[in-house]
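Enquirer: Annotations per Swiss-Prot:
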- 142: active site, acyl-thioester intermediate (ACT_SITE)
- 235: active site, proton acceptor (ACT_SITE)
- 237: active site (ACT_SITE)
- 163, 192, 249: substrate binding site (BINDING)
- 111: site 'Important for acyl-CoA specificity' (SITE)
- 192: site 'Important for substrate specificity' (SITE)
């Protein structure tokens, strides 16, 4: 089944050229089915690239998904024009009056800043609080996961001695969780961050469950007891060359970054990386949509959140 996007969204053309099933709004309007309504709160500076990466994964599901993109009113983007954002992105005031089946909160390159010092932190907290009664399940990515764990559960983040950059092996510790259905015993996905959350803090909270860990990267995936909150500490949505782009970007800034671990063949940046996390990313995004959202959400979307009132 397709993902529905605005008629003239540039990402749609890219996805169609990759043979992804994308449905334009005017075609979807003629269908009489119950699609899933999804928000993507895109905090990444590379807006278009992140749109493509996430929508590519969502479009691989057998479910029709209506996607709305969300921007922060309290932040001025340095990398994406306001004209583009105003054309394709909603603000919180535009979406808060209704219910949503799911929401994705992306990462953001602000790990080295205290949460409270991030210029849009207050607005993000408002959105996360609102989501508890108005969004059925929220998937948090990288810094978005750290932010969500901190806001909802008081879990702190800790600075790393050096950037965690590379593709790391993970293993399931809750093998029967639906989110991991179909995953290999050992599965890989990228991390790109300067801070971490620690297992000992999460284990102490009875409302949270760590379902996947990495010997090198630490906590991999955390879910809440009711599946309403999902936290992925890495970037399984990344393209094959995203870590390469970040590595050369940091080199250009004179930052002397470490070569991403387990990424370039023979640790040689002149060689093209092999993408070994594509199937994992597709499985977990599809499982989230199917098992955490579609199979559990009320058919009447207005019933979302009523059991928490």
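Cβ atoms here come from the backbone N, Cα and C positions, even for glycine.
These numbers come from a predicted model, not from an experiment.
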Enquirer: Kindly assign residue 235 (active site, proton acceptor) to one of the three DSSP-derived states: helix, strand or coil.
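Expert: For residue 235 (active site, proton acceptor) - judged by DSSP and reduced to three states - the answer is coil.
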Enquirer: Give the helix, strand or coil assignment DSSP yields for residue 249 (substrate binding site).
Expert: helix
Enquirer: Around the recorded substrate site, report the further residues of that chain (criterion: Cβ within 8 Å of the mean position of the Cβ atoms of 163, 192, 249; site residues excluded), sequence-ordered.
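Expert: Going along the sequence, the neighbours appear as 165, 243, 246, 247, 250, 257, 260.
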Enquirer: Note down the number of other Cβ atoms within 10 Å of the Cβ of residue 163 (substrate binding site), including every protein chain shown.
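Expert: Total other Cβ atoms inside 10 Å, all chains included: 19.
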Enquirer: Give me the Cα-Cα distance between residue 235 (active site, proton acceptor) and residue 142 (active site, acyl-thioester intermediate), rounded to a whole Å.
Expert: 6
Enquirer: Please classify the secondary structure at residue 163 (substrate binding site) using three-state DSSP.
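Expert: Strand, per DSSP.
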Enquirer: Of the recorded positions 111, 142, 237, which one sits closest to residue 163 (substrate binding site) when you measure Cα to Cα?
Expert: 111
Enquirer: Sorry to bug you, but what's the C-alpha spacing from residue 111 (site 'Important for acyl-CoA specificity') to residue 249 (substrate binding site), rounded to the closest Å?
Expert: 17
Enquirer: Please give me the CB contact count at 10 A for residue 111 (site 'Important for acyl-CoA specificity'), counting all chains in the structure.
Expert: 22
Enquirer: Counting only residues 6+ apart in the same chain, whose Cβ is under 8 Å from the Cβ of the residue listed as 'active site, acyl-thioester intermediate'?
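Expert: Once residues fewer than 6 apart are set aside, the residue listed as 'active site, acyl-thioester intermediate' is near 106, 107, 108, 191, 192, 193, 232, 233, 234, 235.
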Enquirer: Would you pick out, from the recorded positions 235, 249, the residue whose Cβ has the largest number of other Cβ atoms within 10 Å?
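Expert: Output for this query is 235.
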Enquirer: Let's check the environment of residue 192 (substrate binding site): how many other CB atoms sit within 10 Å of its CB?
Expert: 22
Enquirer: Per the record, substrate is bound by 163, 192, 249: how many Å separate the farthest pair of Cα atoms?
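Expert: It comes out at 14 Å between the most distant Cα atoms.
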Enquirer: When a 10 Å sphere is centred on the Cβ of residue 237 (active site), how many other Cβ atoms does it contain?
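Expert: Counting Cβ neighbours of residue 237 (active site) within 10 Å gives 28.
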Enquirer: Under a three-state reading of DSSP, tell me whether residue 192 (substrate binding site) is helix, strand or coil.
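Expert: It is in a strand.
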